[in-house]
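Structure, as structure tokens:
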Amino acid sequence: MVVPQGMAYATLAKVPPVYGLYSCFFPAFFYMFFGTSPHVSIGTFAVASMMVGNLRSQLIPENGNNNNTNALIIEGEPLTPLVLISALTFGVGIFQVMLMAIFRLSFITNYISDSLISGFTTGAAVHVLTSQLDKLIGVKVKSYGGPGLVLFMWKDLVNSASNINIITVCISIFGLIFLSIGRDWINPIFRKRFKIPLPLELFLVIAAIILSATVGLKKNYGVRIVENVPQDFSLPRLTLLRHIWLDSLSISIICYAFLFSLGKTFSKKHKYKLDANQELYALSMCSLISSLFPVFPFGASLSRSALCEITGAKTQLHALFSSALLLVVILWIGPLLEPLPIAVLGCIVVLIWIIAFTTTAFLNITYGLIISLFFSILSIILKEQWPKFSRIGGDNEAEGVFRPLNLYNALSDPGIQINAQIWRFEAPLHFGNASKLVDSVAEICQKILENSSSIGNFDNVKILNKFSDTGEEKKSISKDLELNNIGNINSNTNSTTSSSSLSLKQLTIKGILILDCSVISHIDAAGIDSLIEIYLDTERLNILIKFAAFSGVLNLNKKYFGIFRNSFCFIFYIELNKYNNKIICSKYLKLIY
């Protein structure tokens, strides 16, 4: 499987097919020393190969076509594919080892969601399919780079319809049918008796080589073949990095994201630990060392990794056997690959990457990755910028459980009798959304004040006399009300005074607001300030405010917590007792509910 896939993906990268063999041999061999996953197979990777091919089209004229205005002259010489892939692989390694491995930035891939990966690979599949069509029908089209390249390539394919090579089309159709039947019908039967599947791609390559050498497909029928197998090497040219740094960064991120995602899948299935930073370090070292050879950027292959799992691989040493076979092919069997029709390699790629069309299809793949990653991060920012802030009520079927009233119809809201409301803030509280919380609470307070006109005010003494049986409880609650420093509105004089100078019997509240903070995982200084502002606003409006169930989150801000607790009364737990119809607010306050 490695030999045909490696050569096929090299055509995606628009480099000689033998470079695909190098890209399967060297990275897999070096990963054996640095990697931690026994199942992941490192080598040619379709998405990375496609991104390399796009960059190659932008920077290097193909077949002497000098209409490419982006062609570069490096150190007085035209840029060649070998020089490009060496520098690109080195650049990928630099970004992986410096920006991510050394500085422990592997968390960046946490922002690459499964939806982003699936959408990105699907868009890349459109590019893959388009790039292989000219090989399947035996025509030549120009190389394009940048946004809209798929549309330009399809335009050229339509214009070249009169030049289709019938023999090439027949080879392509036969190859696709052979691989499809083998995958869907023959391999399932074969795998019932043997663990490993049949190497259908290898059988197709061998048959095509024999046919091409026997009948002379190129000479007699004009079929494009692999032809020469280059043996040259090139060291990376660092002066090229300033032209390709963005592509290097994009490829480094996407290669690691796929590698870690695949490795994590196998680690969960087989119950072993996968070190994210070590995997990143392993991939970066493989890239840096492999850049000394004709290797283009690589990643993890799903099909080859699945084969490693099926065959029972237990350690990274499984790569030693496949690397030895690849070395034999590179050193001695390479010249025998020259008669291989290019259409056969195209069939292998197309069969693997026939996937539906979606988002990034009409953009350059690098731009697609950047835009996808941007919107992935933006979605997280927006969710925290406008978090859920919902009113909650008690679940009649589950004691002590509170749920949003707007989502569950069978919830009770007994607080309506005493003008009490419970609201839940569902996000970290920080500078980005603190003002949103303050504004939302202000709107809630206005509704509470409107309701108070029909329900009437509450005398704190009545609360004390009704629900506090002992003098100790009265003392505790009185202290709580004093700490809250609730203002007073005298109904006769409409004058506002401090509660410290008035007796407890004169205090009046117009409503109760409890903020459930159990979902808040972090509070910064701006968040603390917003809570203080909320407290002062509710105090001014004679609304009793309680911040409930912080779950110790304020311990992260001990400096602010000490000041806050000395100045204001906090509730850390709320318990619903539906049998006596009360909310017990920790040790500070008892209210009918």
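Using the three backbone atoms N, Cα and C, a Cβ is placed for every residue, glycine included.
Here's what TrEMBL has on this protein:
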type	residues	note
DOMAIN	422-549	domain 'STAS'
TRANSMEM	20-48	transmembrane segment
TRANSMEM	82-103	transmembrane segment
TRANSMEM	164-186	transmembrane segment
TRANSMEM	198-217	transmembrane segment
TRANSMEM	240-259	transmembrane segment
TRANSMEM	280-303	transmembrane segment
TRANSMEM	315-333	transmembrane segment
TRANSMEM	340-359	transmembrane segment
TRANSMEM	365-382	transmembrane segment
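Of the candidate ranges 20-48, 82-103, 198-217, 280-303, 315-333, 82-103 contributes the most Cβ pairs within a distance under 8 Å of the transmembrane segment (240-259). If you look at the transmembrane segment (198-217) against the transmembrane segment (164-186), you find at least three C-beta pairs under 8 angstroms, all six or more positions apart, and that counts as contact. Mean pLDDT of the predicted structure over the domain 'STAS' (422-549): 64.
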